[in-house]
Each structure stands twice: as structure tokens, then as C-alpha cells.
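Asks: Below you will find the structure I want to go over with you.
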Amino acid sequence: MTASKPPILLALNWKMNKLPSEAGPWAKALQEELPATQAEVAVLAPATHLAFLASDLYGSGVAFGAQDLSAHASGAYTGEISAAMLSDLGARYVITGHSERRTMHGESDDTVAAKARAAQGARLVPIVCVGEALEIREAGRHIDVTLTQLRGSLNRVDGDPSQLVIAYEPVWAIGTGRTATAADAEEMAGAIRKTLHELYGEAASAIRVLYGGSVKPDNVREICGQPNVNGALVGGASLELPSVLGMLAALG
């Protein structure tokens with residue numbers, strides 16, 4: 001447990017949802033109805049939406065970012081988007097190593113670390129995702145495996161620790177009928193934070209650890225109230241504005 005908790009971050013991962021034409025109106029509606037909150041909000045949208053969010057969220061206090069980036073600075077990498085391109089748009093955050101990228105695209109810890117380094121080099125804040133599958137948890141190896149993944153994904157990621165976010169994804173609870181509890185989130189967040197202190201010393205106190213499982217208005221306060229949890233990486237519940245507003249109201 002840290003001496004003082006960093007501010008809560010509610011990171012809204014839209015995944016491959018919404019059209020670019022829907023992003024602007026959604027952002028404007030969010031600003032109009034945003035409740036008083038101490039939490040920071042970041043919209044993590046498909047690359048096609050980012051220019052619209054850059055315009056419509058400008059000066060609002062709501063951050064935006066991308067769901068992935070290239071580890072390369074520039075060159076012959078067709079279809080890739082560099083950290084500098086995202087930074088030039090005004091993005092603040094970028095996800096690296098999401099479980100869907102690791103599973104569907106075979107991204108390794110080395111690749112995730114390279115992307116995180118690229119992000120920090122362009123003054124973006126990487127949200128580095130880690131988490132374990134069901135068979136790992138059932139074998140009782142969930143902490144060891146996740147922490148090994150964490151160390152690999154942070155290899156030579158040595159920028160300002162305050163400009164780094166970790167998200168724990170309970171992959172074992174996705175589509176398996178299993179439910180992760182606030183206690184599960186705290187157990188892993190505590191282990192992650194201990195490892196961060198081993199890697200970064202006291203500066204690790206500024207690193208936010210998010211929970212990336214199922215988060216909704218009725219459980220967000222309990223989850224984010226855990227001693228070592230500093231927010232949430234929200235998937236499905238991030239798509240509907242009433243749900244987002246409900247989570248922010250619950251956080252206060």
C-alpha cells in the first residue's frame with residue numbers, strides 16, 4: 001500500500017466500436033453531462049476517431065488516446081501508427097499489450113516493452129496490460145506468471161514512472177463464467193505494486209495500477225476503493241454514456 005494514492009483514472013477502451021462520426025457527438029455529450037469528480041477520464045478510441053476527439057475534447061479536461069501503436073519511429077511499416085503521430089494529435093495515453101493484442105496478434109513481452117518505450121519517448125503515457133489465463137489461475141501460478149509478464153513488458157521502460165500506467169486484466173474471467181472480485185483485483189494489484197517498487201523504487205508510488213476486468217456503475221467504487229487499485233480500464237461499459245456517467249458519479 002502506498003503512502004498516498006494517485007488520482008483515479010477511468011480509461012474507456014472503446015475497442016473496435018463506434019463510427020468516427022459518432023465520436024464527436026459522444027464527446028460533446030460527455031462534457032455537457034460530466035458530473036463533479038476527482039477522477040481523470042481518458043477515452044481510448046480507434047485511430048480513425050482520434051482527430052475528432054482531439055477537436056471535440058480540446059480544453060475539456062477529458063484526455064484521449066489510442067489502443068495500440070508501432071514500436072518504430074517511422075519508415076516502411078504499412079498500416080502502422082507511430083507514437084509521434086499520436087502525440088502530434090494531442091493524445092495523452094496509449095494501450096500496450098492488451099490481452100486481445102497478445103492473443104490475436106501474438107505480441108510478446110518484448111514487443112510490448114518496445115511499444116511502451118516508444119510511447120514514453122514521444123511523451124505519451126503507456127497503459128501496459130498484463131494478466132493470466134484460466135489454466136494459469138487454476139494451477140495457482142497466477143501471481144508468478146503475471147509478475148513475470150510485468151517484468152518482461154517493462155524491460156528498459158525507464159522513463160518517468162509517473163508517466164506509466166499498469167492495467168491488470170483477469171483474462172481468466174473473460175468468457176469463462178468465472179467472476180473476478182474486488183478481492184481478486186486487490187490481490188493482484190498489491191503484487192504488481194510490490195514488483196513496481198522493486199523495479200522503480202519509491203518513484204513507483206506514482207504509478208497507477210488499473211483493474212481491467214468487468215467494471216460497471218454498481219461495482220466501480222468498491223474496486224477502485226481497494227488500497228492498491230487506482231482506477232479501471234473499462235471495456236463494454238465504456239460505450240454507453242449513461243454507464244460512464246454512472247461510474248463517474250459513483251466515484252465522486
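These residue numbers are counts, starting from 1, taken along the chain as shown.
Backbone N, Cα and C atoms are what each Cβ position is placed from, and that goes for glycine too.
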Asks: From Ser153, Ser205, Ser214, grab the residue that TrEMBL records in the same substrate site as Asn13, Trp14, Lys15, Gly175, Gly235, Gly236.
Replies: Ser214
Asks: Near Glu169 (active site, proton acceptor), which of the recorded positions Lys15, His98, Ser214 can be found within 10 Å, Cα to Cα?
Replies: His98, Ser214
Asks: Since the record lists Gly235, Gly236 as binding-site residues, which of them has the fewest other Cβ atoms within 10 Å of its Cβ?
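Replies: If we count Cβ atoms within 10 Å for the binding-site residues Gly235, Gly236, the smallest count is at Gly236.
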